[in-house]
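TrEMBL lists A:1-19 with the feature signal peptide. According to TrEMBL, the feature region 'Disordered' maps to A:24-43. Feature annotation from TrEMBL assigns compositional bias 'Acidic residues' to A:34-43. Annotated Fe cation binding site per TrEMBL: A:50, A:236, A:237, in sequence order.
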């Protein structure tokens with residue numbers, strides 16, 4: 001009798017799980033396992049971006065084309081790891097917020113080349129992989145922000161200059177675990193060589209006003225609070241703060257000025273959010289369609305205004321907030337370099353004890 | 001009777017093998033050759049990371065033992081204002097994911113937070129940032145402590161309420177002071193429960209990535225992620241995970257050795273509930289204030305801040321999509337927690353009745369999954385499921401991969417990861433009742449299964465429910481596994497909150513966070529109510 005109870009409870013539980021899968025595919029009718037066999041009107045997307053605007057754009061795409069967008073979000077590296085293991089049965093698209101990671105996906109042979117006139121026209125070559133395996137969709141500049149009262153912008157010049165002793169105890173920047181910092185250093189390894197890049201990192205560590213902590217917004221707040229005078233951060237965070245629901249954040253952002261470094265030398269460091277069609281994509285056609293859609297003028301405009309990122313499409317103007325900061329000269333390197341130099345950058349950070 | 005015991009044994013062996021599979025893939029890679037990255041890690045990273053991790057677990061472990069057990073003792077043995085509420089209210093901090101708590105406290109204390117803003121705008125006072133900085137080692141210890149101590153509290157309270165009765169009441173009759181009872185009786189007899197609670201706390205701390213990453217503290221977990229993602233070297237990352245696993249197993253074995261052969265179980269014929277003594281005068285208010293203080297900083301303050309943020313953003317954060325997210329979350333958490341509980345009971349029962357190898361090995365296996373960072377387990381599980389899928393595919397049973405794109409994989413991952421949580425609670429329940437009742441029942445002619453349902457289940461009901469709740473809440477909050485293993489378009493409240501938080505949009509993360517907290521709070525209350533009424 002009791003033995004039976006024991007077994008029935010297992011039975012019930014295993015049914016529960018089975019029901020769960022059944023449930024999942026029946027009432028949502030978009031379980032990939034089911035649809036891969038039957039329909040073509042879908043595209044499977046792995047993304048590390050998680051902005052509300054992205055979801056809204058996928059919905060627009062669905063309405064316009066009737067192609068359903070299936071999404072899995074996760075960190076870029078975890079998704080790469082997952083794609084590697086999934087082999088032939090994987091996502092159709094890989095979308096992430098750093099060129100270094102896109103390059104890593106390419107290196108692991110997870111992506112394929114795409115030849116599309118629309119994309120060639122909408123996206124500048126510099127922001128695209130040399131073999132057309134991935135395409136940039138939004139740009140973000142990593143700039144220096146300064147306190148308007150305490151720093152005269154004429155004191156600022158280049159990233160390299162941040163290692164100068166005049167900035168001792170004045171710089172705020174987040175931890176070396178952050179991919180934006182890794183890509184920044186990776187670009188210096190390319191432009192200045194490993195030794196100089198390391199010397200720079202060492203110098204910045206010496207000049208830090210406090211040990212790295214928090215995110216980009218926290219660096220901005222630190223400058224406003226007087227912990228330091230300048231901070232290194234991505235532009236769209238400042239855009240977000242200027243347009244925040246929290247009026248204290250707006251106040252902080254208003255005290256800060258934006259400086260685009262290296263205008264007379266190598267240019268300001270720029271990274272992209274980009275997307276690539278996977279090597280084994282079963283819905284390649286839909287995948288390309290989605291990428292083309294995301295690069296179109298109308299969509300680029302929405303990207304730019306909702307997220308304060310710079311559009312890649314040269315025909316689209318940046319959001320009003322960004323326009324006030326003016327135009328700037330960008331680093332002139334192929335963004336794949338960021339991925340190639342990433343492990344070296346991580347090692348340098350560890351060697352100079354950049355927390 | 002023999003065959004009956006065998007059924008239990010077979011089932012538990014089956015479970016243990018299942019649990020072992022993903023860990024096995026990691027153990028196999030552990031012995032792989034070292035490379036230059038490994039040398040780099042050893043030279044520049046390992047020392048700091050080990051030191052930081054040890055500092056964290058020592059402090060958090062020690063203080064959570066003190067706070068958790070003292071609260072459990074107060075509430076089991078005394079009656080004072082709001083005691084009934086604190087009984088379950090003090091479990092509530094567990095409903096707040098530590099990383100959300102970390103963001104919230106930072107949000108309160110930082111330059112644009114409510115404290116500094118009020119000081120600036122109302123009184124024109126600008127403070128030294130240094131005194132308001134929580135993003136450091138003491139800050140992280142504080143965060144882990146206030147959001148994790150309920151593990152110790154719950155498990156110890158379940159033990160004290162039912163098991164300490166005769167000893168405590170005899171001591172009371174002999175006129176022993178309550179401090180003396182606490183130090184001389186409660187702490188020693190409840191040691192197994194306290195240790196069980198503390199070990200959960202320590203494992204959570206070692207596994208955390210959100211808090212330490214945001215607060216900029218380099219620990220073992222950050223090293224694993226840095227190696228895997230920064231250096232792109234999964235092999236070395238797995239080596240680090242393996243080292244962490246060994247470290248944890250070492251800790252557990254050490255604890256068992258220290259505990260020695262002492263098994264506290266009592267042979268009184270009936271389990272009586274400890275009768276709380278009514279406190280009077282100042283001691284009444286002292287007890288109340290202590291509980292209230294802990295409850296305020298561990299729940300009211302962060303929760304109020306989240307509610308405020310939710311008010312700022314409710315018009316953009318809420319949609320009907322949300323109902324589905326809530327449904328998803330509750331469903332997976334419930335299904336997985338139910339299975340975990342059953343498996344924990346089966347394994348716990350067989351380890352208790354079997355004095356041989358099984359009793360030694362099985363409990364340790366249950367903790368394996370808990371000792372590996374979620375993201376690393378996820379990789380082990382994906383590999384496992386894809387190889388199963390390949391077999392199914394090749395044999396023509398399905399036209400595409402079935403298991404690895406389904407929710408089964410996610411639920412399985414939860415089981416591997418959180419079996420330890422329910423197991424610890426249930427094991428300490430079993431330890432409390434010992435095997436005398438079962439032996440008596442067996443002597444009266446009942447077999448193992450019958451004894452289990454007639455006698456054991458009734459005695460450890462609290463521990464079983466406790467285990468279920470802890471697992472359920474943990475799964476509600478779970479992140480790395482859910483992020484990487486969920487099927488397409490499957491969002492949970494935790495992934496939703498996390499996405500906002502990582503984008504530094506903590507205000508928008510408030511609504512999903514509040515929902516996680518409310519669902520956990522309801523389940524805590526519900527189970528508590530059911531238990532109390534019985």
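Numbering starts at 1 and runs along the chain as displayed.
Backbone N, Cα and C atoms are what each Cβ position is placed from, and that goes for glycine too.
Since we're looking at a predicted model, the values are computed, not measured.
Sequence-distant neighbours of residue A:236 (Fe cation binding site) (same chain, 6+ residues apart, CB-CB distance under 8 A): A:140, A:307, A:308, A:309.
Reduced to three states, the DSSP call for residue A:237 (Fe cation binding site) is helix. Sequence-distant neighbours of residue A:50 (Fe cation binding site) (same chain, six or more apart, CB under 8 Å from its CB) are A:73, listed in sequence order. In sequence order, A:215, A:216, A:217, A:220 are the residues near residue A:237 (Fe cation binding site), counting only same-chain partners six or more apart with C-beta under 8 A.
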